[in-house]
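Everything below concerns the one structure shown next.
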Amino acid sequence: MERENIYEGKNMALFEEEMDSNPMVSSLLNKLANYTNLSQGVVEHEEDEDSKRKEIKAPRMGTFIGVYLPCLQNILGVILFLRLTWIVGAAGILESFIIVFMCCTCTMLTAISMSAIATNGVVPAGGSYYMISRSLGPEFGGAVGLCFYLGTTFAGAMYILGTIEIFLVSLFAAIFHSEDGEGENVAMLNNMRVYGTCTLALMAMVVFVGVKYVNKLALVFLACVILSILAIYAGVIKTAFDPPSISVCLLGNRTLSKRAFDTCAKYEYRNNETVTTDLWKLFCNGSMLSAKCDDYFAQNNVTEIKGIPGIASGIIRENLWSAYADKGAFVEKKDKPSIPASEEIKFISSPPYVLTDIMTYFTMLVGIYFPSVTGIMAGSNRSGDLRDAQKSIPTGTILAIVTTSFICILLVFGHGKANGEPTWALLLTALICEIGILIASLDSVAPILSMFFLMCYMFVNLACAVQTLLRTPNWRPRFKFYHWTLSFLGMSLCLALMFICSWYYALFAMLIAGCIYKYIEYRGAEKEWGDGIRGLSLNAARFALLRVEHGPPHTKNWRPQVLVMLNLDSEQCVKHPRLLSFNTQLKAGKGLTIVGSVLEGTYLDKHQEAQRAEENIRSLMGAEKTKGFCQLVVSSSLRDGMSHLIQSAGLGGMKHNTVLMAWPESWKQSDNPFSWKNFVDTTAAQQALMVAKNIDMFPQNQERFSEGNIDVWWIVHDGGMLMLLPFLLRQHKVWRKCRMRIFTVAQMDDNSIQMKKDLQMFLYHLRISAEVEVVEMVENDISAFTYEKTLMMEQRSQMLKQMQLSKNEREREIQSISNESRCSIRRKSRSSPQSIGQDVQALLPNDSQEEEVAQLIHDRNTASHSAAVAKTKEVATPEKVQMTWTKEKLISEKHKNKDTNAAGFRDLFTLKPNQSNVRRMHTAVKLNGVVLNKSQDAQLVLLNMPGPPKNRQGDENYMEFLEVLTEGLNRVLLVRGGGREVITIYS
């Protein structure tokens, strides 16, 4: 289908050229309705609509099924059933309430923040990772997402260990019973590992076959959990009126385990005879009443109390306060009498005391309990399957948290004590889960996953707080019941809970997240998501820029803020990439670097070339590890573009103070005789200047100089830049092993010995280590070589002036013709610009130079046509058009100019050199000889760069002086200060 037929009947001809880049509104709305990527253009959209009409299966899950029930099922987990009663028994009701309240508050605040983020636009598949990465960037998103994945994986290990613990301890305790207490503990750990690994393998096979079949039974599993909780509350109500007959045996106030005996008594009466029981035999050395027994056993009575006394017995009052204990301590009933024994005699290896198997304290219990309130992300993780994620996630998550929090608080007071499955990812998850199972302790695994979940929740709160404080225009959540203070409080609470649970686990989790963050940052994000961290950086940069003074910084804070001027070839590639290498070695990543370049032309015509050039420059900056900004200017001339760039680069107080550029090697070439003017204009700018000559011979960042010198030729004081630059270079690995030498020149009247001492003292105060040498330059006569070189320089300069003069005269002639033609146009309002241009061209000879003149006249007439037409309405149109210039007159003027130019060129051979130029050339030749003698083998030579002539008539001579001054040197850096001190001896 041709382009003309594509838009036929759409009544959008005015926007045809934009259709390929900007989709129609109908196309946009259709794509948004189906949650797919936006179309790139109307052509692709129409083709997709016509040839690929596929029915998209819309997600059907609502708030109750998609969010509320999954959150409920994840929150009501193994900790609630196996550890909450134990936590209440150890921490007491009041502190247990504090633990539950802290954890539920943390998840509620996180849910509020998550609701605000989830309702700020469409949330596709990805859940918490998607929300955090789009709010805080891919680095944070990847780090927190992987932490959340690790937490979920360890949660799987925790659930499996909880399941095995129920089987081994509660259901089949008699099977795995052992008389040896220590041996029983070791056997229990090994049993947990073996049976846990088997269960994990079974679970992995089920997931591999298809987890969708398990999801179909999710409601059945949830119903079982809810029935279990209802059974707990029913038991609480029943025990208030009819406590069960379960009893606990006490020796004094110490709890005894009935595994090794049946009767809770020291002796019993049988057939009117007192007979000792099995309990007696455990504490005495015989079964006779006269046997020697343990002192504590002998002095304390054996009593039996109800194991579940019921809520009406006053047990709540007894359990208000905590009863923390160390590992291996006796489980005691505080209100029972107990007589301490002076000596305990153990007649068996393990007396039947019930001992604590773990040390308990408040922060440890927080870490164990917190996994019980996790699972609030279960709904957001299904965001891609929800009918309306923006509505379902906030409602379902908050309702689930309220429900489970109510259940947990009541329980605190109610208890008296190839199939589409990612195979490799499944194997990795199973391996990580196996690590948790090998720990074989529910109490040890719980704090680990608490760290990862808390890390995720903390960054969810941080994301909401950052977005709210930044007030970005795109932050418009539908969920309105949030505030940045709540998010900040939630973030602080998450961080506090991490260190409350376990400070070393917290540091370890932060280390893992930090490593993942740096790895993603090192690899680089593929896309820019407009995250909050970037917005925060922009705000911080704005705040810092406003605080930076616009005046020059103090001398102690001065460092070269460099504008690197790059030249581009015809393919928009950088001509001298080692200029960036040198800048990197000089800056070492510190301070400001602006990499600039100028593209000649108009912006509308050179837009594509400018983009390609900027991409090439940025790519080279990345390869050379140059940290800075790229600024490319499109200008009608290179000279104006460089001037604009030097004046306008930077922002506020962050502006460059130094310009780094390469020496214009082509300044003598005949095809570009005026390129040196760009260079001279740069030297005249009020900036410090560094000019690298033979830049292609400078070292790359990978090279290393094992020896050599960096020679500084300090001719005039420039503010100290010549001292500072070698010091900065030697901080880089390329120049680190080079020695620094400073040379200065003594005249006839100077005391060279005293100059050397003063210079050494000056360097001592500057804290710069360098060798010092004073070179004496003896006055002598100007050589014939110098005289001849000056004469050749001035002849070339005069020739360039004559060429420029002839060019200016031709331009004046063209301007005259243009003015006369413009007057004619005013009289001939009905004539077209093309016909007028043809009339002028008919007057010119048919050679190349005259054709250029006619073309210029035609262009100028065309540009001024619109203004001329406006004036013709007020001026009467004459009957006849008169042309002032004729063909004969134009030819005669041309020959006249040629004769004048020929006479000017003949004067070149009668020139006498200017004495001032002779003296300058003498200095350049003399100083070049001295530098070659001392520094020809140096790795780098730094020279004072003479300033440009105040009289701009001698610009071309200035270039010749610099060429002579640096002739024969391999690597030269010409340095000129910016007119201020940049180094100081004071602290």
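Indices start at 1 and increase along the chain as displayed.
Just so it is clear, glycine is given a Cβ too, placed from its N, Cα and C backbone atoms.
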Check: To which of the residue ranges 129-151, 727-749 does TrEMBL assign the term transmembrane segment?
Finding: 129-151
Notebook entry, point to check: Where else in the chain does the transmembrane segment (192-211) make close Cβ contacts, counting only residues six or more beyond its ends and a cut-off under 8 Å?
Noted result: 156-157, 160-161, 163-165, 167-168, 419, 421, 423, 426-427, 430, 433-434, 437-438, 440-441
Next item on the list: Can you check how the pLDDT averages out over the domain 'SLC12A transporter C-terminal' (688-830)?
Entry: 75
Item checked: Close approaches to the transmembrane segment (61-84) from elsewhere in its chain (Cβ under 8 angstroms; 6 or more beyond its ends) -> 96, 155, 158-159, 162-163, 165-166, 218-219, 221-222, 225-226, 228-229, 368-369, 371-376, 378-380, 382, 385-388, 391-393, 395-397, 399-401, 403-404, 407-408, 411-412, 415, 442-443, 446
Next item on the list: Report, as numbers and ranges, every residue of the chain located at least six residues beyond the transmembrane segment (448-470) whose Cβ falls under 8 Å of a Cβ in that stretch; write 'none' if there are none.
Entry: 106-107, 109-110, 112-114, 116-117, 120, 128, 131-132, 135-136, 140, 144, 147-148, 150-152, 154-155, 158, 367-368, 370-371, 374, 376-377, 436, 482-484, 487-488, 490-491, 494-495, 497-498, 501-502, 505-506, 508-510, 513, 532-533, 535-536, 539
Check: What residues in the same chain, six or more past the boundaries of the transmembrane segment (482-506), come closer than 8 Å to it by Cβ-Cβ distance?
Finding: 102-103, 105-106, 109-110, 112-113, 115-116, 362-364, 366-367, 370, 447-448, 450-451, 454-455, 457-458, 461-462, 464-465, 468-469
Check: DSSP says what for the domain 'Amino acid permease/ SLC12A' (360-413): how many helix, strand, coil residues?
Finding: 43 helix, 1 strand, 10 coil
